[in-house]
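Let me begin by handing over the structure; questions about it come next.
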Amino acid sequence: MHKDQIISQLIKEKIITISPDKPFTYASGMLSPIYTDLRLTVSYPDLRDMIASDLSNLIAAEFPQATIIGGVATAGIPHAALVAEKLHLPMIYVRPKPKDHGKGRQIEGRFSENDQIVLIDDLITTGGSVLNAVKATEKDGGKVAGVASIFTYYLPDAKENFKEANVKYTPLLSYPELLKKENESGHITSDQYDILKTWHEDPWAWGKKFNS
């Protein structure tokens with residue numbers, strides 16, 4: 001596994017940005033002192049190859065029953081394609097909503113009711129987008145074995161949402177691992193470390209306090 005190298009390159013290439021004084025706003029409305037733009041990883045051949053290799057090994061270990069790899073549009077699609085190639089498995093991808101033209105499909109690619117599908121997304125914050133993809137796949141008759149991602153913040157909301165949906169998810173990298181690496185490498189100050197740790201414990205409370 002290449003966890004340390006991947007995290008180091010994510011930091012080096014500023015794919016992960018830390019800004020405690022000017023926090024970012026996520027799609028959920030959550031304020032955060034950190035932003036992870038994993039869409040940029042496709043621009044770095046060595047990085048994307050390490051990610052694909054480690055994700056493939058992770059899926060083979062955690063979901064040995066997998067017969068199809070699914071990409072969650074849009075950021076999960078390139079990584080799903082690379083993993084499907086390495087595992088020599090068929091691939092599908094899932095849109096956020098059905099097309100409004102043509103055949104009106106939400107899922108592209110073929111699968112049967114006997115297939116075991118593993119969906120890949122780049123990042124899990126609250127889990128909303130990938131769990132919508134799970135619902136869409138199951139609505140079309142697919143069986144979702146679980147979800148894999150490059151990175152997760154391991155936020156309480158995500159844990160609760162996956163538990164409620166009864167969906168297994170396995171990340172390659174997690175926020176606690178990133179925070180530990182950032183702290184050890186000296187890329188962040190002790191004050192920044194404390195801010196990032198406090199945010200992780202209760203993101204909504206942190207955002208509310210920041211705005212007060």
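Glycine residues also receive a Cβ, built from the backbone N, Cα and C atoms like all the rest.
Worth saying up front: this structure is predicted, and the values here are computed from it rather than measured.
Feature table excerpt (Swiss-Prot):
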type: BINDING; residues: Arg95, Lys99, His101, Asp121, Asp122, Leu123, Ile124, Thr125, Thr126, Gly127, Gly128, Ser129; note: 5-phospho-alpha-D-ribose 1-diphosphate binding site
type: BINDING; residues: Thr125; note: orotate binding site
Grab the 5-phospho-alpha-D-ribose 1-diphosphate binding residues from the record (Arg95, Lys99, His101, Asp121, Asp122, Leu123, Ile124, Thr125, Thr126, Gly127, Gly128, Ser129) and give me their largest CA-CA distance in Å.
31
How would DSSP class Thr126 (5-phospho-alpha-D-ribose 1-diphosphate binding site) in three states?
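The residue in question, Thr126 (5-phospho-alpha-D-ribose 1-diphosphate binding site), is coil (DSSP, three-state).
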Could you list the residues of the same chain, at least six apart in sequence, whose Cβ is under 8 A from the Cβ of Ile124 (5-phospho-alpha-D-ribose 1-diphosphate binding site)?
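Spatial neighbours, sequence-distant, of Ile124 (5-phospho-alpha-D-ribose 1-diphosphate binding site): Val130, Val147, Ser149, Phe151, Thr152, Tyr153, Ala158, Tyr169, Pro171.
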Give the number of CB atoms, excluding that of Gly128 (5-phospho-alpha-D-ribose 1-diphosphate binding site) itself, located within 10 Å of its CB.
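For Gly128 (5-phospho-alpha-D-ribose 1-diphosphate binding site), the count of other Cβ atoms within 10 Å is 14.
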Can you tell me the CA-to-CA distance separating His101 (5-phospho-alpha-D-ribose 1-diphosphate binding site) and Thr125 (orotate binding site), as a whole number of Å?
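Taking the Cα atoms only, His101 (5-phospho-alpha-D-ribose 1-diphosphate binding site) lies 31 Å from Thr125 (orotate binding site).
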